[in-house]
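Features reported for this protein in TrEMBL:
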| type | residues | note |
| --- | --- | --- |
| DOMAIN | A:12-109 | domain 'FAD-binding FR-type' |
| BINDING | A:Cys245, A:Cys250, A:Cys253, A:Cys261 | [2Fe-2S] cluster binding site |
Amino acid sequence: MENFALPTEDLYSPEIATITRVETLTESEKRFEIRMPGEKALNHKPGQFVEVSIFGFGEAPISICSSPTRGPLFELTVRATGRLTDKMHLLSEGSQIGIRGPFGNGFDPGAFKGKDILFVCGGIGLAPLKSLIDYTLDRREDFGRIIILYGTRNPSEILFPEEIKTWQSRKDVEFAITVDQASEEWQGNVGVITTLIPGLELDVKNTIVTVVGPPVMYKFVLMSLKGKRIPDENIYLSLERRMKCGVGKCGHCQINDTYVCQDGPVYHYPRVKQLEEAI
Amino acid sequence: MNALEEKLNRFVKYRISEEDVRLLIDHLKQKAPVYAPHNSGEASFSYELVEKSTDVVLQYPRTMQPIKKFFLPPKEVLLNFNIKDNTYSKPEVPEETRIFFGIHSYEMASLKRLDYSFTQGHRESNYISRRKYAIFVGISYEPDESHFSKSVGIDVEETEGFDLFLLKNDTGYFLLEITETGKKLLDGYKENLVPDREELKLEPLRFKSKIKYHHNRLPSVFDHVYKSKVWEKYAEICVGCGTCNLLCSTCYCFDIRDEVELDAEHGSRTRYWDGCMLNTFAEVAGGENFRGSLARRTRHRLYRKFRYITAKSEMLHCVGCGRCSHYCPVGISMTDIVNDLIADHEEKQKREKI
Ligand SMILES: Cc1cc2nc3c(=O)[nH]c(=O)nc-3n(C[C@H](O)[C@H](O)[C@H](O)COP(=O)(O)OP(=O)(O)OC[C@H]3O[C@@H](n4cnc5c(N)ncnc54)[C@H](O)[C@@H]3O)c2cc1C
Ligand code: SF4
Ligand code: SF4
Ligand code: FES
């Protein structure tokens with residue numbers, strides 16, 4: 001029988017954290033730097049998320065976009081799309097917000113040591129991957145090539161221009177960007193993100209691929225990777241689902257038999273390949 | 001003697017009249033609040049706090065809301081907050097002794113499933129606080145056209161989880177002492193009773209609703225019917241109202257919503273029962289819905305009962321209470337769906353052999 005005397009957890013009470021910096025990235029995306037009470041470190045892994053809340057406006061899962069290697073403050077990039085996220089865009093430095101987490105499994109960068117890493121980032125999918133990108137750049141000697149592919153709908157939606165400039169200038173980072181629709185000034189690649197994949201020269205056996213983007217992107221990226229003969233075992237995806245609790249109870253995030261908030265959001269591709277509802 | 005009879009015969013038992021059962025309720029009421037089935041409208045029953053033992057209904061098919069309502073309330077305030085100062089408090093969840101009286105075996109079995117769901121992974125304090133000191137007095141029942149708990153391995157006389165059990169006989173009831181807690185509860189009640197030494201023989205109960213296969217075979221059936229056309233068949237009549245989720249003994253999914261009072265300063269973060277049959281359940285930003293069709297949602301509901309959690313918990317998460325069948329506005333029956341899936345599976349196997 002269940003032993004009810006064992007310790008229990010208060011799962012739904014947020015900690016009240018403080019916004020220490022707000023940066024407008026695009027028309028609909030802002031980056032927030034956040035300090036936990038007592039400047040406590042969040043102790044997250046790249047790829048994990050927190051449940052952010054504002055009283056009266058609800059909660060939402062948001063990926064942590066900064067690397068745990070960068071000190072106790074952490075960053076979130078938020079697209080305004082509804083009740084909570086719209087309200088969050090009205091907050092400024094010094095405002096308080098609720099944080100629960102970190103939740104989910106995240107990436108295990110230790111397992112990628114010595115490997116080349118290919119990042120495939122679609123739209124706001126760059127935010128969760130930036131955490132892992134920064135991590136690998138901070139431990140640069142632990143990894144082989146670092147290749148970042150980034151696709152957005154148009155040039156005005158490009159996130160993190162500062163970071164991108166750094167990545168473009170570093171000799172030890174290969175960075176390529178493409179937009180679905182060019183503007184007049186745009187001189188770079190035009191086309192969906194999969195157009196960047198065929199031209200890559202990869203040591204396929206030794207390359208880990210991490211993919212994060214909007215739901216429609218996965219199928220096409222996976223097809224291109226297959227075309228490059230990247231083994232399934234080398235591919236990791238982060239999946240987005242509706243979430244409420246973040247702790248494996250409410251059922252909203254379930255894909256077949258797996259709970260994204262617990263077993264994900266980062267999945268080893270072979271785990272979800274056969275799941276009809278996953279991709 | 002079958003195994004169940006053997007087990008029942010090991011318990012100390014007393015022969016009591018219906019009158020004595022009411023006295024037992026009065027006796028228990030002195031120890032702790034007692035909740036039991038009451039009439040709630042025509043042919044409708046509901047668990048309520050007992051005021052008068054004569055109000056309690058002893059023989060009833062099922063209550064509309066399952067017993068989960070006491071441990072996972074339909075509406076539960078998780079936090080009370082103040083928007084202006086960004087402060088909140090968590091309402092105290094009382095850890096009190098409560099006696100649940102006249103409970104059917106499938107309800108007890110459903111709590112075993114919920115216990116699993118709220119203690120594996122994270123151990124949720126709200127649920128466990130409510131559950132911790134609960135005491136259960138079971139009662140046997142006559143299956144109606146919707147019950148099928150025997151098909152999922154739960155006998156009417158299954159005593160697991162109960163502290164005391166009332167087994168109906170031709171003159172009244174046998175009162176069985178199941179646990180030490182149960183035995184202690186009878187202090188001051190049984191002084192005039194003598195243990196009954198007669199050997200129990202159970203009437204073979206006739207369930208009108210049945211699943212064609214033994215319950216051990218069900219998870220493996222679900223390994224083969226994911227693509228079945230049966231899902232479409234039921235989706236065509238289903239109206240997606242979610243009643244089958246909300247009233248299900250073992251469904252525990254929930255929504256969390258912030259609600260603000262008129263003063264625009266105070267409010268609460270509240271959770272409500274939710275259901276995977278409702279079309280917004282899995283919808284995300286941008287309108288993408290990962291289970292947009294009723295066929296997919298019906299499939300998800302059944303896989304949650306017979307396959308997904310079952311693989312981890314080694315229990316079927318349908319307990320055969322028949323609520324989903326009984327209260328479905330368009331008459332979709334759980335046993336019909338499962339039997340159709342079995343038939344479809346058998347047909348496919350036959351075709352593959354040829
Ligand atoms: C693991 C994970 C990581 C995420 N990371 C980020 C991130 O880094 N930055 C970012 O801007 N967004 C991220 N999202 C998406 C973000 O959670 C939703 O945009 C947010 O929940 C919308 O909340 P809202 O209150 O503003 O909108 P609502 O007013 O609640 O709804 C607006 C729309 O969002 C949908 N929606 C509601 N809840 C969710 C949900 N939990 N997930 C997805 N859609 C939802 C609704 O169906 C509706 O279409 C992430 C989601 C997940 C699951
Ligand atoms: S109760 Fe019946 S109609 Fe309503 S969602 Fe369930 S199966 Fe469909
Ligand atoms: S699925 Fe239907 S029969 Fe099974 S436990 Fe839930 S409500 Fe009862
Ligand atoms: S978000 Fe509630 S179970 Fe995953």
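Including glycine, each Cβ sits where the backbone N, Cα and C put it.
Remember, TrEMBL labels are computer predictions, not curated facts.
Positions of TrEMBL features highlighted on the structure.
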residue: A:Cys245; record: [2Fe-2S] cluster binding site; DSSP (3 states): coil
residue: A:Cys250; record: [2Fe-2S] cluster binding site; DSSP (3 states): coil
residue: A:Cys261; record: [2Fe-2S] cluster binding site; DSSP (3 states): helix
The domain 'FAD-binding FR-type' (A:12-109): mean pLDDT?
96
Select from the binding-site residues A:Cys245, A:Cys250, A:Cys261: which have any Cβ-Cβ contact with chain B shorter than 8 Å?
A:Cys245, A:Cys250
All chains considered, the count of other Cβ atoms within 10 Å of the Cβ of A:Cys250 ([2Fe-2S] cluster binding site) is 22
For the [2Fe-2S] cluster site given as A:Cys245, A:Cys250, A:Cys253, A:Cys261, which other residues of the same chain have their Cβ within 8 Å of the site's Cβ centre?
A:Met243, A:Lys244, A:Gly246, A:Val247, A:Gly248, A:Lys249, A:Gly251, A:His252, A:Tyr259, A:Val260, A:Gln262
Cβ packing number for A:Cys261 ([2Fe-2S] cluster binding site), 10 Å threshold
26
Around the C-beta of A:Cys253 ([2Fe-2S] cluster binding site), how many further C-beta atoms are within 10 angstroms, looking at every protein chain?
27
Under DSSP, the domain 'FAD-binding FR-type' (A:12-109) has how many residues in helix, strand and coil?
13 helix, 44 strand, 41 coil
Nonlocal residues around A:Cys245 ([2Fe-2S] cluster binding site), in sequence order (Cβ under 8 Å, 6 or more apart)
A:Leu11, A:Tyr12, A:His252, A:Cys261
